[in-house]
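These come from TrEMBL:
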type     : residues : note
TRANSMEM : 21-44    : transmembrane segment
TRANSMEM : 56-75    : transmembrane segment
TRANSMEM : 84-105   : transmembrane segment
TRANSMEM : 111-131  : transmembrane segment
TRANSMEM : 138-160  : transmembrane segment
TRANSMEM : 180-198  : transmembrane segment
DOMAIN   : 237-371  : domain 'GGDEF'
Amino acid sequence: MKAIVSSLLSRPDEIMLEIGASGELAVARLRAVIAGILLLLPLTNMLGGGSIDENLIGLAGAVIVNVISQVWLALARRRRHFRWLPFVTTVFDVSLTTLVLVLLASYHLPAALNSLIVWCGYLLAILLTALRSDGRVTLLAGAMALAQYGLLILAVFSIAQSPEELISTDYGTVTSASQWQRLILLAIATLITTMVVYRMQQLVQMSGTDGLTGLPNRTWLIHRMPRLFEAADIDSSSLTVALINLDHFRRLNDEMGHGGADRALQDLVGLLNGLVDSGEWLARVRGDEFVLILRKPIGTAWERVDALRRIVADHSFEPDRSSEPIRMYFSAGLACYPNDGRSLSALLRRADRRLQVAKRSGRNRVVLREE
Ligand SMILES: Nc1nc2c(ncn2[C@@H]2O[C@H](COP(=O)(O)OP(=O)(O)OP(=O)(O)O)[C@@H](O)[C@H]2O)c(=O)[nH]1
């Protein structure tokens, strides 16, 4: 339970934020469509015989909501994501619902508390936070909806001079029991949405993690790289991709069996993981192949990867107590962003060519150019 709460309250990792940003765009599009439909309401009201004043106020409100929705949509479309956007738009969605309920109260008190369709705006605002994949946004939506609607209930009950004012032929009788039910429903919707977000975070984490070593996998790398490229572009720095392949791993499999070779692989990853610094990301992309991303130009990255290679070569691995310690070696090819390519696949192709040079020249070495 503690783990669930702390995961929901902490900032999601970069991949979840990326998924959340596309969810924010989906919500922004939906909001823009709903806002467009709102423009039709004053029209239908007019056809139904509503007063001119009422329709003008309705039209002005719908236009304002449309303008703001278009602003949120434009911001959600931007390549550079604003981390604050889901929080602000969620507060907007909840507060807009409250605003409409307040307007209803000024026209007819029971309408504010017994209108089902407008109150559903809170439920929608809470449920749509599931697409933002951020537990903090969902909890904010739930807390805001409960606080705002709770205050509205208190205000309406204190404004009503007599119980008759809370009885309506169109909206029925406002009772405290039905209002408690609505508050409880909002809390339940928040809880369910929070669990959906938590499950989604877990599934994304699972799909981006290699089962044997616990390292990020290729899927993780594919989703993470665009942000790293963007960060490198912003501060005009370089990124180096090192493609690391174990030497003669097949032989290890033959000698120790698959289980022993698996344990050796886990030992090696444990060693490398302990050595990886901030500004470096290690992922397992294939059987005995890893990618190390370094926020360094290629020359400095070569020195770093070569130092890692020497540490690995000097280390003895003990897959189990009964077997002899073994040595493992790796070869690596490097490619640099942006000089060697501007996409992950281009960089990996380049790094692979250099890795093949390392293999052909005798293995246990790091290569940064083809010849
Ligand atoms: N134990 C184990 N073996 C694996 C795993 N994934 C791939 N392999 C084995 O790793 C070996 C990879 O072989 P290669 O990379 O083709 O060749 P190599 O023997 O490492 O030789 P070079 O790369 O040329 O130095 C194959 O025998 C695969 O079966 C895994 O998860 N566990």
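Cβ atoms are placed via backbone N, Cα and C, with glycine included.
Across the domain 'GGDEF' (237-371), mean pLDDT in this model comes to 93.
In this chain, the transmembrane segment (84-105) lies in contact with the transmembrane segment (138-160); the count of Cβ pairs under 8 Å, excluding pairs fewer than 6 apart in sequence, is at least 3. Counted as Cβ pairs under 8 Å, contacts with the transmembrane segment (21-44) are highest for 56-75 among 56-75, 84-105, 111-131, 180-198.
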